[in-house]
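Enquirer: Before we start, here is the structure in question, set down as structure tokens.
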Amino acid sequence: MKTQMDGHSLGRWSLVLLLLGLVMPLAIVAQVLSYKEAVLHAIDGINQRSSDANLYRILDLDPSLTMDGDPDTPKPVSFTVKETVCPRRTQQSPEDCDFKKDGLVKRCVGTVTLNQARGSFDISCDKDNRRFALLGDFFRKAREKIGEEFKRIVQRIKDFLRNLVPRTES
């Protein structure tokens, strides 16, 4: 009788171990981050280490170069962040913050790992000095000035046309 109970007990433990063996790989797979999620975690770390007053939010994410199957292998990343209106000490997620007008733009490069449990990143960010970023500011300011000048010209034409209309004497 005792042998039968030991057999049932052994069978139960075998079943439990089998189920754990099936579930554990699923738990490990569930802990692998996507490329974008890993970058967002890195941006959270950048915001925590930053001495700037406001949070940064992702502006542009370059496509991933290589995605091998090992989540522990560092993956090269490059992305651009921009300053938001949210103070760094806030508990708000940067993704919920609006970009600050004329906020600082930084270009970031480095590596991230996709393993959520042991995730790590090595990222450095510098002020974005790429020419097209400067050109974007130039064209935006030029468009604003042209718009203001156009409004003044239209107003002058209206004033001129009003002066051409014969006036009736009162």
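The backbone N, Cα and C atoms fix where each Cβ goes, glycine too.
Below, the features straight out of Swiss-Prot:
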SIGNAL    1-30  signal peptide
DISULFID  CYS86-CYS97  disulfide bond
DISULFID  CYS108-CYS125  disulfide bond
REGION    150-162  region 'Active core'
Enquirer: Quickly jot the same-chain residues contacting the region 'Active core' (150-162) by Cβ under 8 Å, restricted to those at least six beyond its ends, or write none.
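Expert: Non-local partners: none at all.
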Enquirer: May I ask which residues of the same chain, at least 6 positions away in sequence, place their Cβ under 8 angstroms from the Cβ of CYS97 (disulfide bond)?
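Expert: Expected: LEU55, ARG57, THR84, VAL85, CYS86.
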Enquirer: Can you tell which of CYS108, CYS125 has the most other C-beta atoms within 10 Å, given these are the disulfide-bonded residues?
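Expert: Result for the most crowded candidate: CYS108.
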Enquirer: Per-residue pLDDT averaged over the region 'Active core' (150-162) comes to what?
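Expert: That stretch averages a pLDDT of 89.
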